[in-house]
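Q: The structure under discussion is supplied below as C-alpha cells; questions concerning it will follow.
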Amino acid sequence: MSAGPRVIFRADGNSRIGLGHIVRCLALAEMLGSAFRCEFIIREPDEAVRLQILGVCDSLTEIPAALGLPDEPVWLLQQVQPHDILVLDGYGFDSKYQQTLKQRRQALVCLDDLANQHIWADVVINHAGGIAPSAYSCEPGTTLCLGPAYALLRPEFHKSTQSLNYQIDSKSIFLNMGGADPENHTLTQLLALRHRFPHHLLHVVTGAAYPHQKTLEDATATLANVRLHHCLNAGALAALLAECSMMVCPPSGMAYECCAVGGLLLLHQIADNQRNLLAYLTSSGLALPVAAIESLSDDGLAAIAEQMRQLQRQVFDGLAGQRLVKVFSALYLAFKLTARQAAAADAAQYFAWANDADVRRNAIHSEPIAWPTHLAWFSRRLADPDAYLYLFEDQGIPIGQVRIEFDDSKGTIDYSVAAEHRGRGLGLAILRRAIMEIRRDRPDAAVLVGQVKTQNRPSWRVFEQLGFVRQDPVSLHHESYEVFRLDIAPSGHLS
C-alpha cells in the first residue's frame, strides 16, 4: 500500500456505458506509481470492475445509491482533504459540478476529451493529438497537458515504446472494440476481416464488460484461424500486440496502446467522442480508417506497417509517466505549502534569497545588493498597498517567494525558489499558489505579467505551464527579456 499523497479518482463504467473512463484512470494511477496513494470512488461497480480497480488502486469506495449527481460534490468534499488531488473522468462532471468542488479550493484534475465547457480544474489532461490550448475555456493558472506527450498508457505499453523483443508475424491481426462494446462491433469487424484476410490468424480480445461473449464464442466455434482472448492483463495484451503486424480497434485509449507497440493500425469509430482522435491519428499518418483495408495490397502490408511503426515511435516516447508525476507533484505542493504575506522579520531571509548567485544572474539588475539598500527597499514594499509579498513554507521551512507589484490592475511578477529546494518543481507550485492568493487578495486584478531573461528557459516553462501567453520580447538594460501575460480579470467565474 502506497503512503504518498492521496490521489482520488472519480469515474464510472459498466457494460452499458463502457469502461473507457475507468481504464484511463487506472492507466494514470499506474503511471503515478508508488509516488502517490491512489484511491477510487465509483457508483455501483460490478464484481469484475471492482477487481480490476483494486488490482491497481489502494482502496475503492462506493457512492451511496440514494445520492444523486447534483448532491455528489458536497459529499465528495467530505471524503477528501483540500491538498488531496481529486481526478474526475466522466461527462456528468460538468462546470457546475467542478465549480462546487473549487469553492473549497480543492486540488482538481480533469481527464477530458471534448473541450466543450468551462473547466474549473487546476490541471486538464487530454492526450488526444491536434488539440490547441485555445480550444479550452478554463480558469487562470490552469495547466493544460495536451497531446500524446501525456498519453495515458499502462506501464507495460510505455516499456513497449523503448524495447521490443517479439517476433512479428505478418499474418497475424489483432482485433479489439473496447472493454464493453454493447453493440457488438467485435463480431461485425471479425467477420469483415476474415472475409478480407481469409488466411490470416485473427486474435480477438474482449474485456470484462463485454456482454456478447457467448454469442461470439458460438459464432467462431467452427471458424479456423480465430483465437479468442478474454480479460487479458496489460502484460499479456502488450505481448499479443507485439506479435501482430496489423491492429484493428476504435480511436480510443486502445489505439494509443497499439501505437506504443507499433504496427499497421486500422481504426473503426464506435462513439461520437472518438471523432477528434480518429482525425488526429489518420491525418498524422499514425493510423488508417478501417475502410482502407479494401484498397491495401497484401504485398505492401509489411512496408506500410514498418513505415507506420517508425512514425508511431517518434510520437510515443515512453516518458509520459515521468511528465505526469512532475505535474501531480507540483500540484500537490501548491496546495500543501503554507502561504503568508511577508513581514518585517523576514528581511534577512529575503536578503539571502536576493543575493543568491542564480537569482542575481537572472535579475534585471544583476549586481549584489547591500544590506542597507535591501532593508530600505524591503520596508517600502511592505508598506506599499500595491505590493504583495508571498512567502511560502513547507512544514515551517521557508522555500521560496513570489512578489507581485501592481500598477492599477496590472501586476508584475518576481519569484524565486531557495537554492537548496530547487529541482522539486517548486517554481510551478509557488506561482500557481500565488495566482490563487492574488485573485482572493486583489479581486480587481486584471492582468499578471512575468519578464524572463531570454536565456532562462526553465522560467519560460513555468509561466507557460500556468497558461501565460508569450508576448513580444522587450529590451531592459541592454538585455532581451521574454514577456508572459495571463488575464485574470473576473468574468463571472470563481475568483
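Glycine too: its Cβ is placed from the backbone N, Cα and C atoms.
Because TrEMBL annotations are produced automatically, they should be read as predictions rather than curated entries.
Remember, it's a predicted structure, so these values are computed and weren't measured experimentally.
Copying in the features that TrEMBL gives for the protein in this structure:
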type: ACT_SITE; residues: His21; note: active site, proton acceptor
type: BINDING; residues: Arg154, Glu257; note: substrate binding site
type: DOMAIN; residues: 337-487; note: domain 'N-acetyltransferase'
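So where do these features actually land, and what's packed around them?
A: Using a 10 Å Cβ-Cβ cutoff, His21 (active site, proton acceptor) registers 23 neighbours.
In sequence order, Leu153, Arg154, Phe157, Leu237, Ala238, Leu241 are the residues near Glu257 (substrate binding site), counting only same-chain partners six or more apart with C-beta under 8 A.
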Q: Across all the protein chains here, work out how many other Cβ atoms are within 10 Å of the Cβ of Arg154 (substrate binding site).
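A: 25, counting other Cβ atoms within 10 Å of Arg154 (substrate binding site).
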Q: For His21 (active site, proton acceptor), which DSSP three-state class applies?
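A: DSSP call for His21 (active site, proton acceptor): helix.
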